[in-house]
Amino acid sequence: MILHVAFAAFLLVNSAIADAGVQEQVAVESDEGVLVLTKDNFQSIVSSSEYLLVKFYAPWCGHCKQLAPEYANAAQHLTQNELSVKLGKVDATIESDLAEQFGIRGYPTLKFFKNGKPIDYSGGRTKDEIVQWVLKKSGPAAKALQSEEELQSFIEGKNVAIVGYFENLESEAAKLFSELADSVDDHPFGLVSDYSKFSSLEHKDTFVLYKDFDEKKVPFDKDIANVEDIKKFIFVHSLPPIIEFNQDTAQKIFGGQIKSHLLLFLSKKEGHFEKFIDDIKPVALDFRGKIVIVTIDADEEEHQRILEFFGMKKNEVPSMRAIKLEDDMTKFKPESPELTGENVRKFVSDFVEGKVKQHLLSEELPEDWNKTPVWTLTATNFDSVALDSTKNVLVEFYAPWCGHCKQLAPIFDKVGEYFADKDDIVIAKMDATVNELEHTKISSFPTLTFYPKGDSPKAIEYNGDRTLEAIIKFIEADGKQESSSSTTSEEEEEEEEREKPKDEL
C-alpha cells in the first residue's frame, strides 16, 4: 500500500493547567491530520483531549506501514466532520520511555485515552473500522434512531449494522441489548424505541443484523436470554460463509466465539479460489454456527509460517486442514485432501461429530538417531524410547530458534557423553516444533523432562540449574532435585523474545 506523501503543519492545542488556572498553548506537529506525540507534549495532549487514540509504531514495521494511510484517512475524516476524537502517533523507537510506560511489546499497538485513562484498542485496521470504533467509544453504545430515514441511513453503506427494536427500554431483553451494544466493538448498534415515528415495523422486541452481503438481514429468532448467545449469533452472521484470512480479518476469525475452523490452503495465482469456492460454499452454509471456513492464499510469503505450523509444503496446495483452537491448537488432516464439495462435506461432518483423529506432526526418523551420545527422537519413536520401563531417560524438548536451547546444546552434549556407557540411562532430544505428542504439550523451550524406569512412572520436569554438574546430579538421583534460584523460567524465555518489540499482525 503506497503511503501518502507526508506533510507537516503546526497546531495550537490548549492545555489546561490546574494549578495556575490558565490555558497554555502547546505547539504540536501534525502529519496528515495525525498528532505527532513526544515525551515533551504527550501528557499535555492527553490531558487536554477528551478522546484520543494513540498509535505506537516503528518506522521499519511492515504492518505499521500498511496501517499508516488508513490511520491518516481516519484522522482526516474525524477532523473534517468536526468530531471530538483526535488521533495521535508515537514513534516508539525514539520515544522509548513512553513505549515502556505503556508496556508496548509489539508494533503497531493502539491505545485509546478517554479523559486521560487508557484502554486497549480492539477494532480493525481500515479507516472505516477505526472511525466506527472510536465513535462508539466516545458516544452512546447504541445510536437512537428517530425516523425511517435515520434507520435507512444508519444501515446503508455499512458492512454490518445491528438494530434493536424495543419500545420498553426497561424490559430484560432491552437491557441485554444495551449490555451487548456496550461490550461489542466490532459493529455499530442502533436503537428504535419510539414505534409511533415509524409507519410500519416488521420487527418488534428483538434485534436484526443488517449486512451488505448474503441475505442482507437476519432477525434474531430466539428469546433474548443471555449476551453470549447473542454474541455468537452476531459472530456467525457477520462473517461471509467462507472468509479469506488476511491482516484485516485475522482478529475477527480467531477472536470469535467459534473455535473450530476448516482451513483451505489455495493459490490465487493458480486460480484455486475461482475453481473451488463455489462448490464448497453450500457446505459452509449448512455448517454455519458449528465451524468457520477460512481460505489462506499460500502464495503470500507471510502465510508460509501457517503452512509450516501444519507441517505442509507448498506443493501440497490445494489442500485442507482443520483445527480446534480451544484444545491446544489441535490439528486434523483429512484422509483425502481433494477439495471437492463431497469430500469437504464428509471431512467437515466427521470433524464436527468428533470422528476425525488428531493429526500429530512428526519428522522422518534419521538412520543414525541413536548413534551419538544424545539420541534424536521424533514423534514416531518417542514412546518406545522415553517410556521404556527398563531405562531412565532425560529428554530435552527444544526449538531451533530458541536462544536458551542454543546455550544449553554443548552442555547437553556433555551430559550425553558422561552417560554414554550406561546401558540403563538415555539422554535424548526432540525438536518440539515439528514433532507433536498426544500425551505431552510443550509450552516453553527448552523443557527438560526425566522419564524414570518402572512400570507406571511419572514424568518429572527438571527445574534446576542448566549446568553440567546439576543435570548429572539430577539424573543420578533418579529425578530428585533441589530448588534453584537461577533457573531460567518460561517467563524469562518470553522476556528474551520480547527484548525487541515485534512487527505484529
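Including glycine, each Cβ sits where the backbone N, Cα and C put it.
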Inset, instruction - Choose one of CYS64, CYS402: the cysteine that TrEMBL connects to CYS61 by a disulfide bond. - result: CYS64
Legend entry - Reported mean pLDDT - the domain 'Thioredoxin' (338-480): 93
Inset, instruction - To the nearest whole angstrom, state the Cα distance for the pair CYS405 (disulfide bond) and CYS61 (disulfide bond). - result: 28
